[in-house]
């Protein structure tokens with residue numbers, strides 16, 4: 001933008017020139033706020049009465065002029081996108097740290113979640129800031145044209161990697177439920193990393209045609225000065241291969257996993273009832289010895305502990321599926337509008353309004369980006385280990401505080417002493433009760449003898465039986 005001030009004989013002082021320029025600025029603001037401003041003549045005003053000021057802008061629809069004209073409108077959207085970027089980067093860094101440092105979280109599913117967090121973090125570092133820059137420049141590409149294809153490639157790569165990770169997690173958990181022995185045998189850390197490498201390889205292969213053809217032909221990635229996929233074949237094939245097909249696999253395997261868990265829980269409950277019935281059935285007489293009673297009680301306890309362990313494992317699986325289900329649901333809800341609108345833009349090119357479709361795509365793509373920032377919040381709300389780890393990392397405490405040996409002894413020894421004293425008291429009470437029972441038995445024996453002496457001879461057998469029973 002050029003500001004050309006022509007001095008006149010009546011405008012010799014710098015103060016007057018500044019005041020005149022300020023008047024012209026107020027004139028511009030008044031016209032802009034009244035809604036009469038136009039992008040074609042916003043910077044071509046000339047005050048002809050005194051020939052004081054001439055504001056001109058070459059190419060009024062160029063990015064700098066367009067950005068300056070709509071600066072007041074774009075501030076809020078830029079602020080919101082900046083918040084999304086910060087949340088995405090910070091939250092996913094916390095997830096990566098938690099899986100790397102917490103031993104409780106080091107399993108196959110959390111390794112996939114860590115790789116997913118890496119993809120989301122790179123999306124926040126490399127893709128979202130450039131997208132925010134295009135918003136400030138009126139959705140025009142402000143960088144060198146060769147970087148446009150690279151930026152679209154990274155966008156498609158990280159978005160495809162996200163859906164592929166979720167699809168792989170769903171498949172892995174379904175295999176673990178259906179064939180647990182085989183899954184445990186092939187579920188080492190190395191095998192998990194090999195699966196993650198396979199996911200990234202597939203994502204790179206799907207998105208690689210974009211830079212290959214985009215760098216050769218700018219028309220495939222540019223449309224009216226905006227950096228976007230302009231080839232209809234890229235849009236259709238990419239939408240189905242990178243989103244809809246993995247989405248279908250993910251949803252089907254997730255619901256099959258839920259169904260299998262419900263079936264296992266039902267079988268476990270019925271099996272637990274059968275074991276309890278078999279254990280409660282006793283072949284021993286009621287007047288058995290105390291050791292035999294203890295043996296019977298130990299048999300009765302075994303199925304309960306077995307059932308509790310099995311039900312606990314099923315409950316843990318159900319909780320994990322619940323958290324993953326929320327992640328899947330949010331990802332689908334946030335990305336589906338963009339991909340559906342993307343396909344509509346190709347199918348109904350003639351009947352649909354391109355301006356409306358373009359505006360919807362600009363909004364829906366940021367809703368999809370928001371899913372990368374939401375995942376750490378889901379882990380925080382529904383997983384205690386993640387929540388405690390995040391709170392410690394925010395306070396710069398990277399290791400869990402363990403109690404010193406002295407505190408452990410202070411906390412455990414009094415409890416043990418209390419339990420031992422209670423045990424001794426119980427033993428004393430039991431011994432007193434035994435002594436009383438013995439005294440009663442002895443008195444009964446004495447009474448029996450006395451009664452036998454005074455009683456007739458025909459009752460002697462009955463008395464002797466009573467004494468022997470005691």
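Positions of Cβ are set from backbone N, Cα and C atoms, glycine also.
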Range among 47-71, 147-171, 272-296 that Swiss-Prot annotates as transmembrane segment: 147-171
In Swiss-Prot, residue 144 and residue 386 sharing a membrane side: no
Candidate set 38, 107, residue annotated N-linked glycosylation site in Swiss-Prot: 38
365-369, 370-374, 375-379 - the one Swiss-Prot records as motif 'NPxxY motif': 375-379
For residue 148 (disulfide bond), the number of other Cβ atoms found within 10 Å of its own Cβ: 22
Assigned conformation of residue 227 (disulfide bond) - DSSP reduced to three states: strand
Number of Cβ atoms other than its own within 10 Å, given for residue 352 (disulfide bond): 14
Contact check, the transmembrane segment (147-171) vs the transmembrane segment (322-347), 3+ Cβ pairs under 8 Å, seq sep 6+: yes
Long-range Cβ neighbours of the transmembrane segment (192-215) (under 8 Å; 6 or more residues past either end): 108, 111-112, 115, 146, 148-150, 152-153, 156-157, 160-161, 164-165, 168, 172, 221, 229, 231, 234, 238, 241-242
Candidates 81-97, 112-137, 356-381; stretch with most C-beta pairs under 8 Å toward the transmembrane segment (322-347): 356-381
Assigned element (helix, strand, coil) containing residue 352 (disulfide bond), judged by DSSP: coil
Which listed residue (155, 342, 348) has most other Cβ within 10 Å, given these are recorded positions: 155
